[in-house]
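Participant: The following feature annotations were taken from TrEMBL:
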ACT_SITE  HIS372  active site, proton acceptor
BINDING   15-18, LYS29, GLN82, 87-88, 110-112, GLY149, GLU164, ASN179, ASN237, ARG342, LYS360, TYR375, ASN386  UDP-N-acetyl-alpha-D-glucosamine binding site
BINDING   ASP112, ASN237  Mg(2+) binding site
BINDING   ALA389, ASN395, TYR396, SER414, ALA432  acetyl-CoA binding site
COMPBIAS  468-481  compositional bias 'Low complexity'
DOMAIN    12-139  domain 'MobA-like NTP transferase'
REGION    1-239  region 'Pyrophosphorylase'
REGION    240-260  region 'Linker'
REGION    261-491  region 'N-acetyltransferase'
REGION    457-491  region 'Disordered'
Amino acid sequence: MTENALDSRLAVVILAAGQGTRMKSSLPKVLHRIGGRPLVGHVLDTARDLAPAHVVVVVRHERDLVADAVLGVAPEVVVVDQDEVPGTGRAVEVALDALGDFDGDVLVLSGDCPLADAGTLGSFVAEHREARAGATLMTAVLDDPTGYGRIIRESDGSVARIVEQKDASPEEAAVAEVNAGMYVFAAAALRAHLPRVGTDNAQQEKYLTDIVALLRQSDGRVAASVAKDVTVTYGVNDRVQLSEVGRLLNARTVRRWQLEGVTVLDPATTWIDVTATLAPDVTVLPNTHILRSTSIAEGATVGPDTSLVDCEVGAGATITRTDATLAVIGAGATVGPFAYVRPGTELGERGKIGTFVETKNSTIGVGSKVPHLSYVGDATIGRNVNLGAGAITANYDDISKHRTEIADEVHAGSHNVFVAPVRIGEGAKTGAGAVIRKDVPAGALALSIAPQRNTAGWVENNRPGTGAAEAAARARSAQEAGDGSQEAADG
Ligand code: UD1
Ligand code: CA
């Protein structure tokens, strides 16, 4: 966010009262998320970049949900309730009341149009001011204008009025230039004309767009700005558009990081939330999701097939085919392939969480390794520890969770179970297959398994006729023949 000087002549009104029927959702449309934020959150963020003196958000449908989401990220915003009169015109009218005697320019945006960036909108406001118009519309020429209001121009090229899809004649519907739903109005023009807008139309709503014709009738100036990049005008009305607009936003985010020095092999399968941060010389391999507050330090490599949610990844770390949430991965550490790294995992510098390893609420110290097939939960592991393949911390006794403490320089054998609460002292060793139920003192060797006992001939006696018994018999004969010839040679 840029810290611009406050523009005391600018107010932004964001319309977010509609239900979003076409989403077919219990969640209000403007709270559906792309790029890690609700649609309205992107609009709010852009609005704040313009440093207006006022931001007003109009709510009605699920008003508490929407108001909480808005105030949660932008407490300075004024939330205004639309009454039972429906339509975008009414929404702006109630916002205008909240602006008191403000007499500057009012930029009207929709909570469902998240792609308009501050650069585009800043120029749009500047154009309006230069034109000294009562209203300036943003328009777009679309291959398929279906659903949008159409811009009807006079023979001299000036805008005469806007006609909604549902009210359009076939000739009007054939017009490809549409109303993008973003406007700058002189507050005085809104005050003069909004009360005169009626509801005599197909939707029985008070259309904001009707103000254009009213302004013209009273000799007001209406200017129009045709968007050079039509994508900034795209709105979300259904879930097809939600994914399309989400993909466009993501493409923009990926490109921004590429220009900041991040290598992204396949932008089409790389998803980066607008809230994530990446350092130069990070490499992102295909099918990777970098979400929420995740930060990735210089020279790290993530992916392929990796999802990081709220993670902090240190410089030069490597994370491969991993699902990680709320984890801190130290510099130069390696994770995966096929690791499940759950909240509260902290892996130290040069540490390793290896293949088919699950971790949770555990600290794994500098240089320590959990390389293969393990579960480490509620554990504190010191420096330069090595856990053998198949290590399990049995942290749960059916009633509560307990911690396992493994001190510096411990080397644990393969297939150990640490029954928590338990502590393995500094430099201790454990044997293969050990079930560690009691603390191990520093420097001790812990073995917990009974000595191995072999019962000769068991398979031939107990599994006659099986392949195993036949193989055993062959081995026995070969052994006996060998012994015989040895005896003969010796004899
Ligand atoms: C609107 C425009 C249309 C334009 C299109 C661009 C009108 C009458 N039509 O149509 O010309 O091409 O946007 O995307 O303005 N809202 C309220 N209160 C309401 C109704 C809507 O706050 O009573 C809000 C909605 O939450 C939404 C925005 O206004 O954020 C636009 O409403 P929507 O119903 O999506 O309008 P469109 O039919 O897309
Ligand atoms: Ca819309």
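Even glycines carry a Cβ here, placed using N, Cα and C.
No curator has checked TrEMBL annotations; they are predicted automatically.
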Participant: Counting only residues 6+ away in sequence within the same chain, which have a CB under 8 Å from the CB of TYR396 (acetyl-CoA binding site)?
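Facilitator: When sequence neighbours closer than 6 are ignored, TYR396 (acetyl-CoA binding site) has GLY377, HIS402 within Cβ distance under 8 Å.
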Participant: Give the nonlocal contacts of the region 'Linker' (240-260) in its own chain as ranges (CB under 8 Å, at least six residues past its ends).
Facilitator: 23, 32, 34-35, 42, 114-115, 231, 234, 267, 270-274, 278, 280
Participant: Please name which of the binding-site residues listed here, LEU15, GLY18, ARG342, ALA389, ASN395, is nearest in space to HIS372 (active site, proton acceptor), Cα against Cα.
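Facilitator: Nearest candidate: ALA389.
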Participant: Among all protein chains shown, how many Cβ atoms are found within 10 Å of the Cβ of GLY18 (UDP-N-acetyl-alpha-D-glucosamine binding site), not counting that one?
Facilitator: 22
Participant: Express the predicted model's confidence over the region 'Pyrophosphorylase' (1-239) as a mean pLDDT, rounded to an integer.
Facilitator: 96
Participant: In Å, rounded, how far does the Cα of LEU15 (UDP-N-acetyl-alpha-D-glucosamine binding site) sit from the Cα of ASP112 (Mg(2+) binding site)?
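Facilitator: It is 8 Å, counting Cα to Cα.
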Participant: Give the distance between the Cα atoms of SER414 (acetyl-CoA binding site) and GLU164 (UDP-N-acetyl-alpha-D-glucosamine binding site), rounded to the nearest whole Å.
Facilitator: 71
Participant: In the region 'Disordered' (457-491), how many residues does DSSP call helix, how many strand, and how many coil?
Facilitator: 29 helix, 0 strand, 6 coil
